Each structure stands twice: as structure tokens, then as C-alpha cells.
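Now, the feature entries from TrEMBL:
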BINDING   T137, D174, N203, A204  S-adenosyl-L-methionine binding site
COMPBIAS  31-42  compositional bias 'Low complexity'
COMPBIAS  43-55  compositional bias 'Basic and acidic residues'
COMPBIAS  56-68  compositional bias 'Low complexity'
REGION    31-69  region 'Disordered'
Amino acid sequence: MLGASARRAARARATASVVREALWRTARAWSTATTTGASGSATDEKSRGVNERETSSSSSSSSSSSSSARTASFGYEDVAYDDKEDLVRGVFERVAPSYDVMNDLMSAGVHRLWKDYFVSRVGAFAGMTHLDVAGGTGDVAFRVLRALQRAERDAELDGQVLDAKTRGKVIVSDINPAMLREGMKRATTRGIAQNQLEWLEGNAEKLPVEDGSVDVYTIAFGLRNVTDTRAAIADAYRCLKPGGKYMILEFSRVENDVLRSVYDFYSFNIIPKLGEIVARDRGSYQYLVESIRKFPPQEELKSMMQGVGFRHVSYENLTGGMVAMHVGYKDQA
């Protein structure tokens with residue numbers, strides 16, 4: 001019988017094979033659509049439909065707070081404002097056991113490189129308090145913990161004395177208990193003691209975190225799932241210490257027209273089918289694809305951050321804008 005590590009490796013190889021095949025099919029389909037005239041019209045219409053929906057809906061993910069009908073977007077569906085949280089929770093309860101597979105399918109396996117780069121920009125330092133939100137499975141938090149441990153080893157080599165009170169800490173927050181349980185299991189598998197990370201169940205719009213208590217706040221691939229984007233950004237501002245750093249990593253608007261056509265085809269024609277094959281859950285993957293298109297594009301998200309008070313806000317496109325990293329700072333006291 002295969003051990004757990006062997007089963008994970010076999011699943012990873014199988015997933016990688018499926019993703020490679022899907023990407024090949026996507027590239028072939030896109031090539032056909034752009035070179036065969038009428039035979040490509042359906043794909044062209046599909047892409048135009050996606051872009052039209054992007055144009056008409058980019059602000060809807062944050063409009064719920066001002067809408068008289070109090071609705072929120074759940075993918076392309078408008079739902080009652082108070083229902084979205086439970087609907088999103090249901091999605092992530094279903095995908096929690098196959099979260100790595102989900103990320104591989106959504107990013108064609110590149111999410112690991114994006115997260116490595118994201119954490120490299122955190123600037124970990126001895127004694128810092130780091131909060132990773134919507135981070136239940138620990139993907140980002142594990143990386144931050146390693147960076148913090150390196151920073152504190154270097155500080156001690158330089159003569160700094162650290163004890164239980166002055167050492168830093170990494171807090172992992174998620175609204176979904178199933179995701180947190182998955183993260184705690186993964187931490188144990190990686191040999192990370194439970195006291196090295198704090199696990200916190202909470203809603204990103206109103207976290208159970210003290211005002212001005214966090215040095216760095218990260219949220220990776222989670223902001224688009226909250227009901228009120230502006231409320232979550234404002235709560236991040238509240239949690240941060242003066243001068244604290246807010247970092248968002250999120251799927252965004254691809255800027256290159258050619259790459260966007262390929263990515264749209266892959267997203268709407270391949271990812272849901274792969275979700276059905278690999279995870280037996282087409283609906284959750286369809287929502288995740290649609291939620292990306294409903295999320296505000298780069299400049300709009302930057303303006304939202306500035307609107308709640310963040311300063312020196314900037315963003316960097318990764319992989320042609322498939323993902324964007326936004327960074328902002330809370331004013332010094």
C-alpha cells in the first residue's frame with residue numbers, strides 16, 4: 001500500500017499531467033480560433049462576452065455596501081447580501097481537502113512561484129507580528145514563518161537577545177473552520193509545532209484582532225471572496241500598527257490581449273471541466289473563475305486602498321497581469 005507521501009506525489013504527478021494537457025488544448029484552441037475565420041467565431045464571441053461582463057461588473061464586487069437592494073455577487077450571480085458569506089463558506093468547505101489541486105488548476109501550477117515572490121516582499125524582521133488572512137491551509141503562513149525564523153536567527157547572531165515576549169509571531173486567519181483544520185494538519189505534517197503559529201477563525205470584514213496590533217497583513221487569493229471588499233480593506237487598516245504594511249495577492253486583469261484570450265478560454269472552458277474530473281466539483285470551480293472576473297481591476301483596487309487611508313500604494317503585475325500584488329502602508333502616528 002502506498003504511504004501518504006507517495007499518494008500525494010502520485011496525485012501531484014497526475015494533476016500536473018492533466019494541467020499540461022489542458023494548457024496544450026487551450027493553446028491549440030486559441031490558435032484555431034484566431035486563424036480560421038468563421039470556425040473561430042464561437043470562441044471570439046465567448047471572449048467578447050467575458051470582456052463585456054468584466055466591463056459591466058468590475059465594480060459590483062464592492063458595490064454591495066451602497067446597493068439599496070443589498071445584493072452581492074457570487075460569481076456572475078447576484079445573491080442576497082447576507083447569503084454570500086455562507087455560499088462562499090460552502091465552496092471552501094468542499095474544496096478544502098483538494099486545495100492544492102484547486103490552486104494548480106486555477107494557476108496552471110504557477111501559484112507557488114507567485115507566493116514565493118509575494119513572501120519575499122514581506123520584509124520579515126525579528127519580533128514582527130504577521131497576520132495572514134484567508135490563509136487557512138497555511139500556504140503563505142508557512143513561508144512567512146520560515147522567513148521570520150531566518151530573520152530572528154540573523155538578529156541573534158548580531159547580538160540581539162530574543163525571548164518569548166520579544167519573538168515575532170505569525171497568525172493565520174480564515175472564516176472557514178474546514179480550511180483552518182486543513183492548515184493545522186499540514187503544519188503537523190511539515191513538523192511545525194502548534195505553538196509556532198496562531199490559528200484564528202474570523203471574517204476579514206471584522207476580524208477579532210486588536211486595533212493597531214499587526215506589523216504586516218497579507219491576504220492571498222482571498223479578497224475577491226469577501227462580501228464587501230471595501231470593508232475588508234478598511235478592517236486591514238484598523239488592524240495595522242502605524243506604518244504597518246498591507247499586501248494583497250490576487251487574480252487580476254490580464255493586460256495583453258493575446259494572453260487574455262488564451263486565459264479566458266482556459267478559465268471558462270477548461271478549469272470547470274478539470275474541477276469536475278479531478279475534484280468532482282464543477283460548480284465550485286465555475287464560481288472561482290467567475291469571481292476573478294468580478295473582482296476590481298488593478299487601478300480600481302489601488303483607488304479603494306487609497307480611499308480607506310493607505311499611503312504609498314503601488315501594484316505589480318505578475319505573469320502579464322494574471323495576478324497582481326498590491327502594497328500599501330498605514331500612516332505613521
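Using the three backbone atoms N, Cα and C, a Cβ is placed for every residue, glycine included.
Whatever TrEMBL says is automated annotation, not expert-curated.
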| message | Pairwise over T137, D174, N203, A204, annotated as binding S-adenosyl-L-methionine, what's the top Cα to Cα distance to the nearest Å? | response | 16
| field | Residues near N203 (S-adenosyl-L-methionine binding site) in space but at least six apart in sequence (CB under 8 A) | value | E85, I175, V226
| Among all the protein chains here, how many other CB atoms are within 10 A of the CB of D174 (S-adenosyl-L-methionine binding site)? | 27
| task | Only counting partners 6 or more residues apart, tell me which same-chain residues put their Cβ under 8 Å from the Cβ of A204 (S-adenosyl-L-methionine binding site). | result | V133, A134, S173, I175, I219, G222, L223, V226, A232, D235, A236
| request: Would you mind listing, in sequence order, the residues at least six apart from T137 (S-adenosyl-L-methionine binding site) in the same chain with a Cβ closer than 8 Å to its Cβ? | output: A96, Y99, D100, M179, E182, G183, R186
